[in-house]
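**Student:** Shown below is the structure under consideration.
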């Protein structure tokens, strides 16, 4: 773009203002904007008189590697994981704020690719939502802290604690795909201790799908408000694996959840354990299941174990990013 | 506290859940809370139908050193700088979201001290505001990304661009104190290249005041809504030095600002250049100056230079955290 310095300078070679201008040139306006980027703060419409707010951070090492994630991938994922949390309350995302800490050696193109990733993730997953503000600083560790805001559009928020005995347990989204993608990265794209760039041509269609689920997740953000409008009694984002997150929902609601083994696919262990899917887990009064959700179980009165499957208790050990990411690959 | 592990474990020695429980035990509820911490997202009342939102990050190195800042100091400052940005729009802060990335060697006590700092800064500067959500991850670089939300209470937001010819230019807060405090830290509390803990007994009262302005700034957050209600035409947070920020306000409003040399105190150069004061700079129709603001200049028609003082143009070079903090002290 004409407004950018020639070549591909590092952050250390240009001013903060130049970086910010390049980012803003790629930022779409948010539909709910009252005051956009450039002042001390943004002002976002909250028509229903309340705002949904959540924050989630991606740190290089525990959460991603630049050898595996392009700037676009990173921006997309940082947006998607936060949009999913807003959706899990039953709300429609309205705005993102991005706090970016980057090494001085970071190329401007990596940052503008991130801005593209934020924009395109919003366009695909939550149309009308966009980055409305942010902060840029330098750090030895690339860190992307995103805050997402959302509007409930007159509906009550759907928490984790409202599941009732007899409700259907339903899921929208993937089970285990993102974890399979992560296993591919660790298994196939490293050289000893070092991550190496992904060669997509070495992957078959199913593997590519899993890789995309890991690097550019597409959670069913639009189904959050759909579930709320349909009368979901409880809902949450499944980010730490179905086993752990269903256990959390069951505990918050003081019930037991019985999962149907037959609903967990050909690899139930993978479906239960895999993290980072950002599916929506919800409970609905029996007989109500909005489009996009599939039934995977039933809410029972609280028993000895919060989560059961096929008549057996399920170990709630789920996804631990420190354990699964931080292992041996630099 | 009984809920905490014995001794003072590091983050690596305890679970994320234990750290979060220790933080939440120290977190006061926010007055505007609809849904508080513990679900996928918080829900905060936005009575006026819009929400003010801003984010600002503190990174160890460019922004602070743990040798100089206690956990309490760091939490306080991370809250205060964001509260000031909300106030600068004319809004009352309602909620903070905290994205914390900490080294594994971080002691739990440092993190709980931060939680105390957040709580006490809110209590002192923006009563009713509190931390409503957050995220905890590990990183080699201690990073605190805070998002602050606020409510306009029916008033229009005050931007940087509304100053009109003939308006009074006014300031609430300090000029140059925080920069003096920073110079003290670099000048008196290091051993060669290394920051060493502050010995307050080696400081006189004036020096202690400057140190506090740097480590625990107390911006006039409550005066933001006061200025908006009084009819401020433009307002901004002075974080990069009066010279640079007044230049920004003048440019955004397409006017020239003439500062009164006599209003800049005994050290006008320090008043103009010092960063991190988080004073409120505002313009008011002539004759209106709400309590807490003092007149420091006048809005003129746009001239050759956006900022003048004593008949001379003022160099807008202000505060650059990379330059001033990142120098030679580890």
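Here the Cβ of each residue, glycine as well, is placed from N, Cα and C on the backbone.
Heads up, here are the entries from TrEMBL:
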BINDING   B:40, B:54, B:85  Mg(2+) 4 binding site
BINDING   B:40, B:85, B:237  Mg(2+) 3 binding site
BINDING   B:55, B:56, B:135  Mg(2+) 1 binding site
BINDING   B:56, B:85  Mg(2+) 2 binding site
BINDING   B:63, B:276, B:319  substrate binding site
BINDING   B:134, B:135, B:160, B:239  ATP binding site
BINDING   B:240  Mg(2+) 5 binding site
DOMAIN    B:38-150  domain 'PurM-like N-terminal'
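Please go over these features one by one and say how buried each is and what sits next to it.
**Tutor:** Non-local contacts of residue B:40 (Mg(2+) 4 binding site) by the CB criterion (under 8 A, 6+ apart in sequence, same chain) are absent.
DSSP assigns residue B:56 (Mg(2+) 1 binding site) to a strand segment in the three-state reduction.
Long-range Cβ neighbours of residue B:56 (Mg(2+) 1 binding site) (same chain, at least 6 residues apart, Cβ-Cβ under 8 Å): B:78, B:81, B:82, B:85, B:145, B:146.
When secondary structure is read from DSSP and collapsed to three states, residue B:135 (Mg(2+) 1 binding site) falls in the strand class. The Cβ of residue B:135 (Mg(2+) 1 binding site) lies under 8 Å from the Cβ of B:98, B:99, B:100, each of these being in the same chain and 6 or more residues away along the sequence.
A coil conformation is recorded for residue B:240 (Mg(2+) 5 binding site) in the three-state DSSP classification, outside any helix or strand.
Remark: secondary structure over the domain 'PurM-like N-terminal' (B:38-150) totals 35 helix, 45 strand, 33 coil, with classes taken from DSSP.
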**Student:** Give me the CA-CA distance between residue B:276 (substrate binding site) and residue B:134 (ATP binding site), in Å, as a whole number.
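**Tutor:** Pair distance, Cα basis, whole Å: 25 Å.
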**Student:** 10 Å Cβ neighbour count around residue B:63 (substrate binding site)?
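**Tutor:** For residue B:63 (substrate binding site), the count of other Cβ atoms within 10 Å is 25.
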**Student:** Sorry to bug you, but what's the C-alpha spacing from residue B:239 (ATP binding site) to residue B:63 (substrate binding site), rounded to the closest Å?
**Tutor:** 13
**Student:** Using Cβ atoms only, which of the binding-site residues B:239, B:240, B:276 are under 8 Å from chain A?
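**Tutor:** Checking chain A against the binding-site residues, no residue falls within range (Cβ-Cβ under 8 Å).
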**Student:** Quick one: Cα separation, residue B:239 (ATP binding site) versus residue B:54 (Mg(2+) 4 binding site), in Å?
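**Tutor:** Here the two Cα atoms are 14 Å apart.
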**Student:** Provide the three-state secondary structure of residue B:160 (ATP binding site) computed with DSSP.
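**Tutor:** SS state of residue B:160 (ATP binding site) = coil.
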**Student:** Give me the count of other Cβ atoms within 10 A of the Cβ belonging to residue B:55 (Mg(2+) 1 binding site).
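**Tutor:** A count of 26.
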**Student:** Have a look at the binding-site residues B:54, B:55, B:134, B:160 and say which one has the shortest Cα distance to residue B:237 (Mg(2+) 3 binding site).
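**Tutor:** Answer for the nearest of the binding-site residues: B:160.
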**Student:** Could you tell me which of these binding-site residues, B:85, B:237, B:240, B:276, has the fewest other Cβ atoms within 10 Å of its Cβ?
**Tutor:** B:240
